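Here is what Swiss-Prot says about this protein:
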type: COMPBIAS; residues: 1-13; note: compositional bias 'Acidic residues'
type: COMPBIAS; residues: 14-37; note: compositional bias 'Basic and acidic residues'
type: DOMAIN; residues: 317-346; note: domain 'LRRCT'
type: REGION; residues: 1-46; note: region 'Disordered'
type: REPEAT; residues: 63-84; note: repeat 'LRR 1'
type: REPEAT; residues: 85-106; note: repeat 'LRR 2'
type: REPEAT; residues: 107-128; note: repeat 'LRR 3'
type: REPEAT; residues: 129-150; note: repeat 'LRR 4'
type: REPEAT; residues: 151-172; note: repeat 'LRR 5'
type: REPEAT; residues: 173-194; note: repeat 'LRR 6'
type: REPEAT; residues: 195-216; note: repeat 'LRR 7'
type: REPEAT; residues: 217-238; note: repeat 'LRR 8'
type: REPEAT; residues: 239-260; note: repeat 'LRR 9'
type: REPEAT; residues: 261-282; note: repeat 'LRR 10'
type: REPEAT; residues: 283-304; note: repeat 'LRR 11'
């Protein structure tokens, strides 16, 4: 009887290409629009009027806690002093050039200025309760003006023109920092961020993993689409669970000896020839290794120490030329339920 008759029938169902929580390809955080905009009337969304909106024509509710003026043609921050209880202020996708006139909004905990024309961070000194600040997609060149925000927990500075990591000394409660799509070359000045949980540095010009020693609480690190050639400097990150290093120039898998808690390892689109030095990663669930130079089937033995491995990406490696590509992966890694973009059902 042929071997095929005794093997379990495999059904395949196409699924979407993998998506990282980090969304490091664009590192741009998406948020749903808030239902309660805190606006009574006078709303004029962007595109419905030829001239910029005069904020004085918008009747703000003084009792509103959540105010959403997303996608208006607001050119200047003004008239918000009537908001006595506001906690969340969303001014996304406007024409704002200057952070100003927010001094009286001392109850504010979240300020969203994503996608404006702001060139400098400033005038935030009185917003001491601020926990979330989004200045992504602006024209910032420096990180500054944050000294008074000691309660800040999440800071988004994606897609600006920032060339240096600096001035984080007082942000000791920061848990999430997004600096993707900037002009950074060096990882530095993060020593004080001991509570940091997630760090996103994708799409910069970083050449070395360094100066991460004090970030022992870090669970997510993304340095995708940079200029790395070596995995190093991660020995103190013992709580790291997700590591994204795709689209670099890495040649060898190494330097992960102390990262035993990794559940996701993304090394796609590098120059790696061997799967090695990861047999100790027993908690690994997702391993992305597509678009590399792996050609030896025996390398899959390195993944045998992860009984919970669910997803592997190995497409566009020399291995894929084998006619039995998928079957060999399933035999070597019986726990896997997704190979590349296809689910496997036994």
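Here the Cβ of each residue, glycine as well, is placed from N, Cα and C on the backbone.
Residues 20, 224, 238-254, 288-296, 299-307, 313 of the same chain, all 6+ positions outside the repeat 'LRR 10' (261-282), place their C-beta atoms under 8 angstroms from a C-beta of that stretch. Helix, strand and coil content of the repeat 'LRR 8' (217-238), in residues and according to DSSP, is 0 helix, 3 strand, 19 coil.
Using a Cβ-Cβ cut-off under 8 Å and counting only residues 6 or more beyond its ends in the same chain, the repeat 'LRR 5' (151-172) has close neighbours at 26-29, 114, 128-144, 178-190, 192-195, 200. Averaged across the repeat 'LRR 3' (107-128), pLDDT for the predicted model comes to 98.
Within the repeat 'LRR 9' (239-260), the DSSP-based counts of helix, strand and coil residues read 0 helix, 3 strand, 19 coil.
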